[in-house]
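Worksheet for the structure shown next.
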Amino acid sequence: MAASSCGHASAAILGGVRFAVRVLCGRWFMLFASTMIMSMSGGAYIFGAYSKALKASLEYDQDTLNTISFSKNIGISLGIVSGLINEVTPPWVVLLAGAAMNLAGYLMVHHAISIPGAARPPVWLMCFYIFLGAISQTFASTGALVTSVKNFPNDRGIVLGMLLGYAGFSGAIFTQLCRAFGGGEDGATLLLILAWLPTVVSLLFSFTVRVIPRSRSTAATAMGLGRERKGVLGFLGVSVLIGIYLLVLNVVEVKVSRLPTHVYHITNTLLLFILVIGPLIIVVKQEYHHTYTLQPPPPPTTPSSSAPSSSLKQDVSIRSPAMGEQEINYSVLQALCSKHMLLLFVTTACGIGGIMTVVDNMSQIGQSLGHSQRTISMLVSLVSLSNYAGRVLAGLGSDYVVECYKLPRPLALTVTLLLAFFGHLLIAMGLRDALYATSLIMGFCLGSIWTVLFAVVSEVFGLKHFSTLYNLSTLGSPVGSYVLSVQVAGRMYDHEAQRQGHLRQDLACVGVQCFRASFEIIAGVTLLGMVVSLVMTWRTRAFYYARFSAGVVAITAVTADKNIKQEGALADQNKTIATNQSLSIC
């Protein structure tokens, strides 16, 4: 009796250990690790939180501070470096390289402003430190985001929106931690947190993030795919809960000017509890269902001549691969020279360029319309919160529309740019109170465009070189931002300020006319981007219809428009056609 009880106990312990190992080595724990890394990868977006300390400690003028900020923007835009490295190395190499650059960059900036009597580093060296910290963010996002999309190809829109959403509110997490441990808006403490916390998280999870193929029981059954979708939606729900929690904290901080430190300790404990425990519950639940509920499908058997036709159809449906398993993948050169990448580049430059002009000039826009600095800070917070909402809702909504109605995903870009067009017109009209609505519109559109853009790139060009191609697709953003923000809005603003007779040292413009002409131009450029996105939508309509229709999974965007009725011959012909048509554009 005792021996039997000991045997059952040993078997239970052994089973528990095996299940724990399965959880730690599974796809769902990998997704959890990616959310942790992405939630620590937004340090470059909170430059304004420590720029005041940087300026005061090192006695910089505004021009020098803007130069350092520009080096940060360059670092964010050079994600192609991490993408190319990820093409030839496993994700842990990219994550470890990013962790090292993050620690070196932000730790040196912290050293420069926190050590009394230390020699002030030259400006070029400070630019390099900030650049190093900013580009490390692209390494973290490439390693975590690209791998997650490859592991969950059926839910790529939701996964992209969720992970980008985690990156979106990472700045708020850093701010909350700084207030708890730094006692306020301490730039040196914030830089120290930026230096060590993302580094530790990347080191902790770097070997967990890897490509893990789906099991046959998940890929071949509707129940398995449905369970997978529920798990991804659970992760998304946790991110929404965190976003609401941070929103409540921001509202409380607006109402109460100064909260005690112990209150921040309590709120941060709850925040970390939701951030860590919530996804872990989903991980364990998914692995439990996968282990004890889903059974592997029976091996395919050759049907006899006497077998009924219904059995033959059932056997064929089981052997059919799930969506995303037979993708025709462009090479980097083919994608770079294709018409689709050119259309996406123009759409991104026109759309995000105009939106970033609003975000970068929100302080000047609010000042010209007579808003106080407190109101302007609230407008910036509205942009951040709606940015998160756009990232999440765009991924979820575009997935639903594409799967249910077989509509092209680039149509979501068209709708988003139309919304941004009306937002630019509100600024051009100079309606003072409409700036609240404009902040919400611009933040939502910014988050939406990034999520939809990455999903389109993964679908049209395939997942094999996604780490490089999704970083290439972002190059239109700095181009459009430089032209529209610096050359159009900046020059027209300075011209109007000089016309009003202000001195060059305090070049402030007041009135509706400060941004009216520039945003009329930007609205027109956004309308151009919307038309280009419509062209992309038209060119990919047959591709998306065929891709998300039953029984058709191996098809390329280039050949779909001509061969949708020839499904049987596409699997052998489309790769050659894609190569020829792409290279002919070079």
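Glycine too: its Cβ is placed from the backbone N, Cα and C atoms.
Taken from TrEMBL, the feature domain 'Nodulin-like' applies to 27-283.
The domain 'NFD4 C-terminal' annotation in TrEMBL covers 349-544.
Listed by sequence, the residues of this chain that lie at least six past the ends of the transmembrane segment (28-47) yet keep a Cβ under 8 A from its Cβ atoms are 69, 72, 75-76, 95, 102, 106, 130, 133-134, 137, 140-141, 143-145, 147-148, 151-152, 159, 162-164, 166-171, 173-175, 190, 194, 197-198, 201-202, 204-205, 208-210, 212, 231-232, 235, 239, 275-276, 279-280, 282-283, 286-287. Feature annotation from TrEMBL assigns transmembrane segment to 28-47 (among others).
If you look up TrEMBL, you'll see 67-85 (among others) marked as transmembrane segment.
The transmembrane segment annotation in TrEMBL covers 92-111 (among others).
Per TrEMBL, the feature transmembrane segment maps to 123-146 (among others).
Annotation comment: TrEMBL describes 158-182 (among others) as transmembrane segment.
Per TrEMBL, transmembrane segment is recorded for 188-212 (among others).
What TrEMBL records for 232-252 (among others) is transmembrane segment.
The transmembrane segment feature in TrEMBL is assigned to 264-284 (among others).
The transmembrane segment annotation in TrEMBL covers 341-359 (among others).
Annotated transmembrane segment per TrEMBL: 410-427 (among others), in sequence order.
Residues 145, 149, 156-157, 160-161, 164-165, 168, 344, 348, 351-352, 355-356, 358-359, 362, 365-366, 369, 371, 379-380, 382-395, 398-399, 409-410, 412-413, 416-417, 419-420, 422-423, 426-427, 466, 469-470, 473-474, 536 of the same chain sit 6 or more residues outside the transmembrane segment (434-457) yet have a Cβ under 8 Å from a Cβ within it. Residues or ranges marked as transmembrane segment by TrEMBL: 434-457 (among others).
Positions annotated as transmembrane segment by TrEMBL: 514-536 (among others).
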Lying 6 or more residues past either end of the transmembrane segment (67-85) yet within Cβ distance under 8 Å of it, the residues of that chain are 44, 47, 51, 54, 60, 93-94, 97-98, 123, 126-128, 130-135, 137-139, 141-143, 146, 467-472, 474-475, 477-478
Would the transmembrane segment (92-111) count as touching the transmembrane segment (514-536), i.e. at least 3 C-beta pairs under 8 angstroms with sequence separation of 6+?
no
